[in-house]
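Undergrad: Below is one structure. I have some questions about it.
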Amino acid sequence: MNKLQNIRGVAFDLDGTLVDSAPGLAAAVDMALYALELPVAGEERVITWIGNGADVLMERALTWASQERATLRKTMGKPPVDEDIPAEEQVRILRKLFDKYYGEVAEEGTFLFPHVADTLGALHASGLSLGLVTNKPTPFVAPLLESLDIAKYFSVVIGGDDVQNKKPHPEPLLLVASRLGMTPEQMLFVGDSRNDIQAAKAAGCPSVGLTYGYNYGEVIALSEPDVIYDSFNDLLPALGLPHSDNQEIKND
């Protein structure tokens with residue numbers, strides 16, 4: 001807990017930390033797969049693919065769907081499908097479809113987790129500088145933050161297209177710290193996944209791991225963050241601010 005004593009700013013992951021984006025992501029993935037006449041995956045499975053950016057999400061979806069189709073065809077006594085299109089091109093096509101569909105469903109399929117809005121407001125009001133670091137494609141980030149009414153809290157926002165190396169590489173965290181005008185040691189990073197904690201460690205930032213997000217089926221403790229919290233508003237007393245017990249509901 002000593003690492004939180006000299007904090008001047010806080011940066012956050014987005015998906016699985018501030019927002020439950022799985023409904024929108026899963027819907028877009030399934031619509032893209034369906035458009036290519038591939039099996040659809042469903043939200044429970046898509047959740048396990050979230051966290052490394054859209055291209056990796058497409059690779060995971062395509063790998064699963066291709067294997068699932070092969071299994072189904074074998075069960076029905078049908079021959080396997082000959083793929084004339086290289087795997088890289090299939091991923092590109094799937095990504096293009098995903099971007100189209102996600103643009104249509106992102107806002108209605110993304111919800112703030114409990115206590116996020118009031119906690120961000122309290123942190124911002126306290127004078128702490130706030131940043132956002134996400135592997136989500138950059139064009140989707142700003143509209144989503146605006147629709148959820150939390151864009152006003154962030155001085156710096158880094159999306160997946162704004163850096164050459166996404167998390168778990170330290171580059172995006174180092175960039176946020178630099179733009180916030182502080183050292184990595186002065187910036188707390190809050191996330192829900194192995195990638196988040198690895199990025200924080202590599203950048204030299206103290207880290208908070210949240211237990212409720214998307215972490216590939218792993219408990220966040222295995223990544224050894226400096227602090228682990230079950231609720232987002234536990235950040236407030238840790239940073240010397242009054243604890244908020246206001247319960248929020250998902251946005252409509």
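In case you wondered, yes, glycine gets a Cβ from its N, Cα and C as well.
Keep in mind that what you see is a predicted model, and the values were worked out from it rather than measured.
Below, the features straight out of Swiss-Prot:
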- Asp13, Asp15, Asp192: Mg(2+) binding site (BINDING)
- Asp13: active site, nucleophile (ACT_SITE)
Undergrad: Could you check the binding-site residues Asp15, Asp192 and say which one's CB has the most other CB atoms within 10 Å?
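TA: Sorting the candidates by Cβ neighbours within 10 Å, the top entry is Asp192.
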Undergrad: Determine which residues of this chain, when Asp13, Asp15, Asp192 are set aside, have a Cβ within 8 Å of the centroid of the Mg(2+) site's Cβ atoms, and list them as they appear in the sequence.
TA: Phe12, Leu14, Gly16, Thr17, Leu18, Gly51, Thr134, Gly191, Ser193, Asp196, Leu210, Gly213, Tyr214
Undergrad: Give me the count of other Cβ atoms within 10 A of the Cβ belonging to Asp13 (Mg(2+) binding site).
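TA: Neighbour count, Cβ to Cβ under the 10 Å cut-off: 28.
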